[in-house]
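For reference, the structure is listed below as structure tokens.
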Amino acid sequence: GCPTEWDGVSCWPALPLGQSRAVACPDILHVFEKSKGLIQRNCTAQGWSLPSPPYHSACQLETLGSNNDTEAKARHFVTMKVLYTCGYSTSLAALLLAIGIFSCFRKLHCTRNSIHIHFFTSFILRGTAVFIKDSVLFSDESIDHCTMSTVTCKAAIAFFQYSVLANFYWLLVEGLYLQTLLLLTFTCDRSYTWGYILVGWGVPMVAVGVWALTRLQYDNHGCWDDYSSLYWWVIKAPILLAIFVNFLIFLNVTRMLAQKIRCPDLSKTHKQQYMRLTKSTLLLIPLFGVHYVVFALFPEHVGVDARLYFELVLGSYQGFLVALLYCFLNGEVQAEIRRNWGKWQRSMESNVFNLATQDFTA
């Protein structure tokens, strides 16, 4: 007979000699809404026959301009992979530099920047998780993706889901902290830090733990990278909750900010502090949540190309944007860097002068 085969587009289950199998066009290949083409393959003495009719004919993919749809689709995903690899690499470099800046300068050590560092770390984990997942799932083209079900690939998917959840919950912490600052007039009390850490790292750990246990117990097949399972809601629901709460914070902070700025008793320095942090956080809340909410309202197979583009290509540059807003464009950070740079230059000039004086007197 013919063994199970993954042809790069569809999964063909094992069949005895002489039998045939027909599958519908995969959703990801649909170009027209009503495309319901069927592709058939026969089990012959020489193995599986070629798809009949070819994918590009059955699935109405004439726009590809090629008889080999699998190759065209592979080129599309290779291009996308190059784009998001560049994006995550750029983000990782920017985030590591930003963490280094916040860690090196003592004047920047406070609760606010500590939360920023945790937020940056969640992005670093997310980028690292994407690279790990790719290396485990797609590094070897000979791997049978139909039956792949190893501890390594499941652990990679679980780590990826944890990093995504942590990313959303540290954005929630940024929103909560901003609201706290507005309510308590810029306190730098460290007593809240452990509570923020429990929300940012603890809640995702609990959600992923519950998800992993339910998959092990009730749906332990494949590599856990399918989103059609009902148990996917164990991950999706906490993300939607974080986005919803952040949206409420967005509205409340906007209201409080308008009241604070109109307050005649508020000093100019405090107004500048409010505006600096608020602009960054209020920009990120809708930027991170809107596309996820839009796609969450539709089944996972709808808008696959748009979903991949937003989550992989555009999403890969979010870490760079966060580092830019919270660190590189931060006036306080820029002033501290200039101050230390000037101090270092004066120290170097002093050393050069001392050496020159020593040479002259000698």
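A Cβ is built for glycine as well, from the same backbone N, Cα and C atoms used for every other residue.
Unlike curated entries, TrEMBL annotations are predicted automatically.
Sequence annotations record features per position, and here TrEMBL assigns domain 'G-protein coupled receptors family 2 profile 1' to 1-63.
Among the features that TrEMBL reports, domain 'G-protein coupled receptors family 2 profile 2' is placed at 80-330.
Marked as transmembrane segment by TrEMBL: 82-103 (among others). Through the fold, the transmembrane segment (82-103) approaches residues 109, 113, 116-117, 120-121, 123-124, 127-128, 130-131, 312-320, 322-324, 326-328, 333, 337 of its own chain, all at least 6 residues removed from its boundaries and within a Cβ separation under 8 Å.
As annotated by TrEMBL, transmembrane segment applies to 168-186 (among others).
Within its own chain, the transmembrane segment (193-213) has Cβ neighbours under 8 Å at 111, 114-115, 118-119, 122, 154, 158, 161-162, 165-166, 169-170, 172-173, 176-177, 231, 234-235, 238, counting only residues six or more beyond its boundaries. Under the heading transmembrane segment, TrEMBL lists 193-213 (among others).
According to TrEMBL, the feature transmembrane segment maps to 233-253 (among others).
Per TrEMBL, transmembrane segment is recorded for 274-297 (among others).
Long-range contacts of the transmembrane segment (309-329) within its own chain (CB-CB distance under 8 A, at least 6 residues past either end) are made by residues 80, 83-88, 90-92, 94-95, 97-98, 101-102, 116, 119-120, 123-124, 126-127, 130, 279-280, 283-284, 287-288, 291, 295. According to TrEMBL, the feature transmembrane segment maps to 309-329 (among others).
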